[in-house]
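Participant: Under the heading domain 'Acyl-CoA oxidase/dehydrogenase middle', TrEMBL lists 199-308. Residues or ranges marked as FAD binding site by TrEMBL: THR203, GLY242. The domain 'Acyl-CoA oxidase C-alpha1' annotation in TrEMBL covers 346-497. Positions annotated as active site, proton acceptor by TrEMBL: GLU482. Summarising the annotation, TrEMBL assigns domain 'Acyl-CoA oxidase C-terminal' to 550-674.
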Amino acid sequence: MENSHFSSSSSYSSSMEKVNFRTKVLSRHLNQENPTPINSILQSFPCLSYNPPEFSEPSSVFDIKEMRKLLDDHNLEDKDWLFGLMLQSNLFNTKVRGGKVFVCPDYNQSKEQQSEITMRRIECLLEHGVFKGWLTGNGPEDELRKLAFTDVVSIFDHSLSVKIGVHFFLWGGAIKFFGTQRHHDKWLRDTENYVVKGCFAMTELGHGSNVRGIETVTTYDSSTGEFVINTPCESAQKYWIGGAANHATHTVVFSQLHIDGKNQGVHAFIAQIRDANGNICPNIRIADCGHKIGLNGVDNGRIWFDNVRVPRENLLNSVADVSPDGKYLTAIKDPDQRFAAFMAPLTSGRVTIAVSATYSAKIGLATALRYSLTRRAFSVTPNGPEVLILDYPSHQRRLLPLLSKTYAMSFACNYLKKIYVKRTPEMNKVIHVISSAFKATASWHNMRTLQECREACGGQGLKTENRVGQLKGEFDVQSTFEGDNNVLMQQVSKALLGEYVTAKRSKKPFKGLGLEHMNKSRPVVPSQLTSSAMRQAQFQNDIFCLRERDLLECFAAEVSLCQSQGKSKEYAFTLNYQLAEDLGRAFSDRAVLHTFLEAEASVTSGPLKNILGLVRSMYALVTVDEDVAFLRYGYLSTDNAAMVRKEVAKLCSELRPHALSLVSSFGIPDAFLGPIAFNWVEANVWSSEQN
């Protein structure tokens, strides 16, 4: 009864306060002899004030600089130098909001303006030596420096990183890996210095992921020693070719090579599409692909080749060649192996996509979490103070698991970079499988994270200047370019099936792709989980390995059954696409967990190790909680699944005090986030509108 009386009194008091307030307002309105200027009213009755989370949040229990070293892994000084360079140049669109300087592309510009400013930014980076050694350097150190600068560029603007990536990783990479010494001598240094501007003409209107099916045709004219490249139909027009619409002078053209009436499969040729003055070359037609949902700083174009002639030397001939008299020459007789050799060097794109997707997720989380540490909403007691939105368990559940997954993807990307820069021909298959899995996983994770962060920022998440909402459009393309994510994950499952069949037929142990756990006895999940058990790395590893091995065995059995019924291996694979999807996800999750455990094992600091243990447990358990496969295939009982769900909520509350420290460890300078991440009140004051 006392509570009821208190509630009634409170309601009555509140009603009277509203009446008194309205009476005063009406009184001021009716007595206008000495009206108060509106600015005075605004200044006399301050509302909410911004308190930096650094002043109110607990001090970090771990070394933020050491955590940043662990996350960024390499070339931190190079990264910080490039961040500083961008901050000092007006080309990178510096602006002041709320007393702080920010850099962010102006997405209000037209597509044409965005394309031109992107090219000017490239010229600025070129002048400052950013691209030195990107193609002419040798060794892992040069490659890691290149990847470090690519990380920074992608944090600033995805269009800029894609435009640079097309020129260096695709055009330049094709010259370097598909070409031989004659191509290296002629093209690499000029590419590095932007004397030539390259693009990469693989995708067609009618074919994207299925490169084997492209329809562009090239024949050889032995009388002139030239190849003749032709677009035989509209579906063969090259489409989505970054750089082609405005700036590229040359392209690598992927085409079916016909010699003496026989199709020798897909090969790559160098063709000039513009002269030094920017004029389109004869027999070339180019059109813009049009406005896009994002990435409008990249001039994507369409190209038609009307019997374009190029010298015989323009065939990139590391895999196959054509003699002056028109004989086809190759050391790789099997067409499948030859095609695989052509595709192998293209993993660089998947590496950079996985990394840039992870940095994009970091921007979203740093922004949304900082905002949630200063924005208040509602109260949990009558007339009580408003509560920080990150103090609501539901808000923690929205963001903190995504934070843990972003940490996990950081370690996965660091591992991917290392094996990529130290690659050998024997590693091609491993890098292809892992880069495919991580590219799909990271880009899907990024899109989910950005959507959640956008919603977590409320209406402020819609503003372009706050970056989160805009990044969704800018990075959406990653789900389908450099390989559609679903297709890539199917390739992962196919590769795993191949490893399984080989191991069983040869009766040899599994080796590679992290499948060595298949040689051990089947892991056993406790019948009744406890909090301490769930947080053990052994349990987390066991349940991830159990899911992967069981799905691989099921997948192999189902494909084998279909084949025994007379169906082709490809058709059998297609029929079992659902198992393939689950298996691809299981492989990727387990591989990511292993990179996390390796990173954790490298740490000696106790506080750092403790927080990493919490983050890793969150990653593992939220993965178990969210993937229905653990229940679908019986790896968890319903009771244990409920225990996992409760533990995730518990981990959220334990990670809550470390949220600011964990996002500060990303090492992203304040200027590369949005105003909402800082003093969002000051950033929106009336005086800022007048300026």
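Cβ atoms are placed via backbone N, Cα and C, with glycine included.
Tell me about the setting of these features in this model.
Facilitator: Long-range Cβ proximity for THR203 (FAD binding site), meaning a same-chain Cβ under 8 A and a gap of 6 or more residues, is found for LYS238, TYR239, TRP240, ILE241.
Around GLU482 (active site, proton acceptor), taking its Cβ as the centre, 25 other Cβ atoms fall within 10 Å, counting all chains.
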Participant: May I have the DSSP-based helix, strand and coil counts for the residues of the domain 'Acyl-CoA oxidase C-terminal' (550-674)?
Facilitator: 102 helix, 0 strand, 23 coil
Participant: Applying a 10 Å Cβ distance cut-off over all chains shown, what neighbour count does GLY242 (FAD binding site) have?
Facilitator: 25
Participant: Report the mean pLDDT of the predicted model across the domain 'Acyl-CoA oxidase C-terminal' (550-674), rounded to a whole number.
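Facilitator: The answer is 96, the mean pLDDT of the model over that range.
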